[in-house]
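Copied over from Swiss-Prot, here are the features:
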- ASN92: N-linked glycosylation site (CARBOHYD)
- ASN111: N-linked glycosylation site (CARBOHYD)
- ASN201: N-linked glycosylation site (CARBOHYD)
- ASN252: N-linked glycosylation site (CARBOHYD)
- ASN350: N-linked glycosylation site (CARBOHYD)
- ASN569: N-linked glycosylation site (CARBOHYD)
- ASN625: N-linked glycosylation site (CARBOHYD)
- ASN639: N-linked glycosylation site (CARBOHYD)
- 418-447: region 'Disordered' (REGION)
- 684-738: region 'Hydrophobic membrane proximal region' (REGION)
- 715-734: region 'Hydrophobic membrane proximal region' (REGION)
- 781-807: region 'Disordered' (REGION)
- 22-740: topological domain 'Virion surface' (TOPO_DOM)
- 762-873: topological domain 'Intravirion' (TOPO_DOM)
- 741-761: transmembrane segment (TRANSMEM)
Amino acid sequence: MASLKMLICVCVAILIPSTLSQDSHGIAGIIDPRDTASMDVGKISFSEAIGSGAPKEPQIRNRIFACSSPTGASVARLAQPRHCHRHADSTNMTEGIAVVFKQNIAPYVFNVTLYYKHITTVTTWALFSRPQITNEYVTRVPIDYHEIVRIDRSGECSSKATYHKNFMFFEAYDNDEAEKKLPLVPSLLRSTVSKAFHTTNFTKRHQTLGYRTSTSVDCVVEYLQARSVYPYDYFGMATGDTVEISPFYTKNTTGPRRHSVYRDYRFLEIANYQVRDLETGQIRPPKKRNFLTDEQFTIGWDAMEEKESVCTLSKWIEVPEAVRVSYKNSYHFSLKDMTMTFSSGKQPFNISRLHLAECVPTIATEAIDGIFARKYSSTHVRSGDIEYYLGSGGFLIAFQKLMSHGLAEMYLEEAQRQNHLPRGRERRQAAGRRTASLQSGPQGDRITTHSSATFAMLQFAYDKIQAHVNELIGNLLEAWCELQNRQLIVWHEMKKLNPNSLMTSLFGQPVSARLLGDIVAVSKCIEIPIENIRMQDSMRMPGDPTMCYTRPVLIFRYSSSPESQFSANSTENHNLDILGQLGEHNEILQGRNLIEPCMINHRRYFLLGENYLLYEDYTFVRQVNASEIEEVSIFINLNATILEDLDFVPVEVYTREELRDTGTLNYDDVVRYQNIYNKRFRDIDTVIRGDRGDAIFRAIADFFGNTLGEVGKALGTVVMTAAAAVISTVSGIASFLSNPFAALGIGIAVVVSIILGLLAFKYVMNLKSNPVQVLFPGAVPPAGTPPRPSRRYYKDEEEVEEDSDEDDRILATRVLKGLELLHKDEQKARRQKARFSAFAKNMRNLFRRKPRTKEDDYPLLEYPSWAEESEDE
């Protein structure tokens, strides 16, 4: 083996070289193309050009191998071209119009009328003060059918209530009075789902003294909305009451009867029944009417057909551009506008299996006809009837296939050419397999829809990615196969020309190869360090000017490293220089056997690294950048496109309003009704109204009227008038005393009266003790006062003393005037008294029918002459 390794060929693979040192013999490194790409170095030596292009940053390791000559111990052969399978889109797509249905979770809403009488029995206690409620009993009783007919015709209701409790019949009268007809008046407080009408505002009564038990009967008629959910076995109202009977219950039916927990006598069906609208007074058209008598109320509603009123499915979306993609075991309905894809079985679904789904064909046909008329009537024709498929998640898809006019004409011509028309494909009904979205019942199947359509959006995204990736992989496989076949042909030819390069490329490492007929002998190569290689810049043979080398020449030596693959028998030759030439693809050839006669105008390019070396006249000239030489590519372009952007659109199957209305009872309506019920009365002050014992006197008046006839009625009226006056006075006093401000005012008045009484008492006592001083203050000096000195006047320097009797005269004059005033006051008082006495006497005579005498004309009081004279003065 060592002897075989001595016969070696040297292959040098230089990718991105490292810097090489050079000596006087022309040892050089590899030129970095970044430094010499745009520079013409001119006519310089090969070693100088190589040395000036030393790279700064080696990228690919330089590896040089010495290969032994293959002997045939290891042989290889090339495979034959394969047949390439062309990947085609095997999916079958059909365009059309789709209408998607979902489960109808909304309750069935209808109008009902509630009839009942609200009975309130109140026991109160009062003792000339505010009344106190000691007991209260409230109940609701139903109204019988005959009175309901009167209510719906005339709008009046009786104040009497007859009801059955504890196996006994009871009667109640409003205000404890005789039965009478009262009009139904609207309640001012109402909501969008309820309207109420009633007959009275008074619910509690009392009297001023003692206990009183009274009864009020309020006839109530309410217009309400009722709700019922599938399977429609009961319904609820805004009042919070639930009725355990189906809204579609009827006695006259040939099929199974609907749910009801009531006896038959409680349910009535009336044909051609007319109802009066209590708000507008209009009579509605006659309809079949149902009445149900409950323990607390009677309820009425219009009879309805179940199949015409409700549907278990509702239309969700309309898709004008839908694509049905056929896979091996399923259909995928792609809704691009909605970014969703629904998968289903390949067999159509029979909608006759569904319970209460008669509305689906009608709605689907109307929607598809409208879309086709707006968008496709001039460009497409319909292909077959509407088909229904049960999609994943509980969605029913109504699909109408479409075909363009050109394609339809082509099919028609082909059918006529074959002398027959295409038969419509028989519709295969869906198998009886069970799905998670289909529930069976005694009356039929029912579709249940998932509350989220996220899975459909993910399915759409997956189908888009799957289609794109499958197309990409198919193109890759086809291109790869064709490329391999083309390369095989080239390699079969290359093995004849240069088996070393071919086998090195195939094995992925430098090898030596030799053609042995139709097979190739291969042997490994030994790596030589790049520091042991020296190149020369002249291609002329020394000693013979007519002969030249066909490729650049070089000198190399083996490595002395212990890791070297060189044989131990040749270690003594590691310092020997071995002559060689630069081969193709940066390979080193052993020996210098490639020669030719020197030619004139010689010009050659040899690959070295990433660039080419230009030789003219067998002498190195310059390095040429590879980009300056036009490249002929044999690369096959791969037909692949990048995924397009896809924005997901949030899809909400059920809106917030739909989810809120899923229950039988609406919490908002119940709360609003309770609040309205508590505040139904128009005047809150009339809730408690005092009776004041009128019932007792009314009974006395009725007794006189019934026993004494007309005289008794007159006497009863007098008694009632007097009693009313007395009761009003007593009630006024009691009300005044019960007022806290009245007590405060009375206290203040008492204090002021006491103060005024004390002042008057003091004045009278002073008047009795000293009348002159009280009446004429200052006229008499008080006791102990010294006499006032006489005043003197000086006139003409003479002193004149005033007479002291002048003061006495003034005092006497004042006293006389005071007496005169007192006399006048006394006369005035006597006259007024006399006039009042005369008036009283005349009134007595008038009542006694006594004739007037002459004495009556005389004055009642004689005045003395001195008084008349004084009065004249």
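All residue numbers here begin at 1 and follow the chain in the order shown.
Note: Cβ is positioned from N, Cα and C throughout, glycine not excepted.
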Tell me which of the glycosylation sites ASN92, ASN252, ASN350, ASN625 ends up closest to ASN111 (N-linked glycosylation site) in space, Cα to Cα.
ASN252
Taking the Cα atoms as reference points, how far is ASN350 (N-linked glycosylation site) from ASN92 (N-linked glycosylation site) in Å?
23
Including all protein chains shown, what's the count of other C-beta atoms within 10 A of the C-beta of ASN350 (N-linked glycosylation site)?
16
Other CB atoms within 10 A, centred on ASN252 (N-linked glycosylation site):
7
Pairwise Cα distance for ASN92 (N-linked glycosylation site)/ASN625 (N-linked glycosylation site) [Å, integer]:
53
For ASN625 (N-linked glycosylation site), list the number of other Cβ atoms lying within 10 Å of its Cβ atom.
15
Cα separation, ASN625 (N-linked glycosylation site) to ASN252 (N-linked glycosylation site) (Å, whole number):
102
Reduced DSSP assignment, ASN625 (N-linked glycosylation site):
coil
Quick one: average pLDDT across the topological domain 'Intravirion' (762-873), no decimals.
62
